[in-house]
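Participant: The structure that follows is given in the form of structure tokens.
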Amino acid sequence: MLRKLIKHEFRATARVMGPLFLIILVLALTANLSLHFLLDAQGFFPNLMGGLLLFAFGVGMAALVIISIVLMVERFRANLMGDEGYVMFTLPVSGHQLVWSKIIVSSVWFIATALVESLAILVCVFDLELMRDIFSSAFFRRVFESVQELVVQFGLNLPMMAVEMIVLALLTCAVLCLEFYAAIALGHSFANHKSAWSVLFFFAFQFVTQLASGLFVNTDFFSGLFNIGGMNSFHQLMAVLICMELLNGGIFYAVTTVTLKKRLNLQ
């Protein structure tokens, strides 16, 4: 049943995210053209058009991030806390499955948004002649040789580093979703001013997590991670960050699921 929930959620959100991804890539292409033609052209009008296209691309990049977050939050609120909640909670699924379907789909879209934005930046700044010069020049070879020297000198385990950073990125996306969900669930447990309570709880969560992180960073244990040296320092730091995200995620997940089970208020 979880698979069906995820499939349904992807279909509902893809109607919005798919066109947005296409629009941002088109804006990136127009921004690239403006960089290479309009801004270098003579005359006020071409320069104005080039500037407007670059501005539109910047606005689009910011809007894509904001809309992706708002959409995922609104899907949780409307689907489980709104009128649709009467239907969703009568399905033969548990509250855990409902929450997991939202977490998985939202995390995937957040990662997809980051990838599309990275691709859009590459499209915007792409220059065929420049890329040909870079990859065929001694500069690129020197960079490649320098990376190899660093790997040998410091014993860098690049595949392991990549895996750790990917795991941390995935957890960060999931925890961000859960923080929103926990705030919404608590806010909607009240009879009145549900949205205001949700916003208040979110900022309260932010304050507590930032305060706890700041206190932890100032401990001798955290400072000692940088005194280990070599790759062990990096791996232990990543392990600590991953454990912190798991702890935060576990707390927010418990708050969300318990609130949905004990204090659900759809009125």
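Residue numbers in this text run from 1 along the chain shown.
Using the three backbone atoms N, Cα and C, a Cβ is placed for every residue, glycine included.
The transmembrane segment feature in TrEMBL is assigned to 20-39, 51-73, 108-128, 165-184, 196-217, 237-260.
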Participant: Among 20-39, 108-128, 165-184, which stretch has the most Cβ pairs under 8 Å to the transmembrane segment (51-73)?
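Facilitator: Most Cβ pairs under 8 Å with the transmembrane segment (51-73) come from 20-39.
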Participant: Six or more residues beyond either end and a Cβ under 8 Å away: which residues meet both conditions relative to the transmembrane segment (20-39)?
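Facilitator: Same-chain contacts beyond the flanks: 46-47, 49-51, 53-54, 56-57, 60-61, 64, 67-68, 112, 116-117, 119-121, 123-127.
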Participant: Near the transmembrane segment (165-184), which residues from the same chain, at least 6 beyond its ends, have a CB less than 8 A from one of its CBs?
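Facilitator: For the transmembrane segment (165-184), the sequence-distant neighbours (Cβ-Cβ under 8 Å, at least 6 residues beyond its ends) are 69, 72-73, 76-77, 81, 99, 102-103, 106-107, 110-111, 198-199, 201-202, 205-206, 209, 238, 241-242, 245-246, 248-249, 252-253, 255-256, 259.
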